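Trainee: One structure is given below, represented as structure tokens, and several questions about it will come after.
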Amino acid sequence: MADECAAFMKGTELPVKRPREEEAETEMEAANNSNNGCEKEESSPYISSVLPGWFSEISPLWPGEAHSLKVEKILFQGKSDYQNVLVFQSSTYGKVLVLDGVIQLTERDECAYQEMITHLPLCSIPNPKKVLVIGGGDGGVLREVSRHSSVEQIDICEIDKMVVEVAKQFFPDVAVGYEDPRVNLHIGDGVAFLKNVPAGTYDAVIVDSSDPIGPAQELFEKPFFESIAKALRPGGVVSTQAESIWLHMHIIEEIVANCRQIFKGSVNYAWTTVPTYPSGMIGFMLCSTEGPAVDFKNPINPIDDESPAKSIEPLKFYNSEIHQASFCLPSFAKRVIETKGK
């Protein structure tokens, strides 16, 4: 899924979620030297030097603003082969997972992302059986896929083993999806994994990816979408994160144009609110391959009232009404998305 707060090590393969560009190494040094109110062994380069005791995310992807959360306690810090991993207890959003200085999820609002990126595609097709997750090492998407009793096989390819281990330790209610016996975990590069998938294998592919910068750029380009289309059966569906209409319409235009060239079934944009993501929202591309028609805007496959996994809590965010509403776009975004690539 590099950041603007510090020039940290970048992975060369598939990252998890939303890494940022390298920027301002001096901010890291200043933060290290500041008195942030935490114990010495709990200090972090991402604790703000301006607001001691607060975590601050400053990004070129949301210029002119910053997002800060008050830190009650730093629970974990580590460096994997690909990124820096931080977990802290916040005052208002519960535990927070941060990769390379970028918030990936919080206990309070993760449901809005995990539930929507998963159920928008899976509730739009009848009886999905084989599902592939690219990225998503925290296990949240797995948790949501496991609610669907028709699913027989859930494959996940995550590049960073540390993210999986940290999620299981500090976010058990998110990582609970790993307990499902249908799950097959592959540690490795998701792009390479997808290239080796036999044609027509999956009913659905869910891409829990990073932003289209740096090494993740290829996840939003034609070759990657072509690999997804090849891996899907006729009438199969893909769901992938697609940035913010408030900040990234130029990126969304390119994604929509690429998808319309590759996916001959349907191409749609939906969105949800996530307070700790840039601009407080994030979008998804929902596409289908040529074959049985898929009407993403009208769900046909309701989630079981009782999940096969009894340890999973009831849905917090998703329902059929919000499913339909998520495809309603502001006029400025609707004009661009409906005309791009046609």
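Here the Cβ of each residue, glycine as well, is placed from N, Cα and C on the backbone.
Swiss-Prot lists these features:
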type	residues	note
REGION	9-42	region 'Disordered'
DOMAIN	52-289	domain 'PABS'
BINDING	Gln83, Gln114, Asp138, Glu158, Asp189, Gly190, Asp208	S-adenosyl 3-(methylsulfanyl)propylamine binding site
BINDING	Tyr113, Asp208, Ser209, Ser210, Asp211, Tyr277	putrescine binding site
ACT_SITE	Asp208	active site, proton acceptor
Trainee: Rounded to a whole angstrom, what is the C-alpha distance between Gln83 (S-adenosyl 3-(methylsulfanyl)propylamine binding site) and Tyr113 (putrescine binding site)?
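Mentor: Gln83 (S-adenosyl 3-(methylsulfanyl)propylamine binding site) and Tyr113 (putrescine binding site) have their Cα atoms 22 Å apart.
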Trainee: Where Gln114 (S-adenosyl 3-(methylsulfanyl)propylamine binding site) and Tyr277 (putrescine binding site) are concerned, what is their Cα separation in Å, rounded?
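Mentor: Spelling it out, the Cα of Gln114 (S-adenosyl 3-(methylsulfanyl)propylamine binding site) and the Cα of Tyr277 (putrescine binding site) are 13 Å apart.
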Trainee: In the structure shown, which of the binding-site residues Gln83, Gln114, Ser209 has the fewest Cβ neighbours within 10 Å?
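Mentor: Sparsest of the binding-site residues Gln83, Gln114, Ser209 by Cβ contacts within 10 Å: Ser209.
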Trainee: Look at each of the binding-site residues, Asp138, Asp189, Asp208, and point out the one with the fewest other Cβ atoms around it within 10 Å.
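Mentor: Comparing Cβ neighbours within 10 Å for the binding-site residues Asp138, Asp189, Asp208, Asp189 has the fewest.
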Trainee: Tell me whether Glu158 (S-adenosyl 3-(methylsulfanyl)propylamine binding site) sits in a helix, a strand or coil according to DSSP.
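Mentor: Its secondary structure by DSSP: strand.
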Trainee: To the nearest Å, how far is the Cα of Tyr113 (putrescine binding site) from the Cα of Asp208 (S-adenosyl 3-(methylsulfanyl)propylamine binding site)?
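Mentor: About 10 Å separates the two Cα atoms.
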Trainee: So what's the average pLDDT for the domain 'PABS' (52-289)?
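Mentor: Taking every residue in the domain 'PABS' (52-289) and averaging pLDDT yields 93.
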Trainee: For Gly190 (S-adenosyl 3-(methylsulfanyl)propylamine binding site) and Ser209 (putrescine binding site), determine the Cα separation and express it in whole Å.
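Mentor: Each residue's Cα considered, Gly190 (S-adenosyl 3-(methylsulfanyl)propylamine binding site) and Ser209 (putrescine binding site) end up 10 Å apart.
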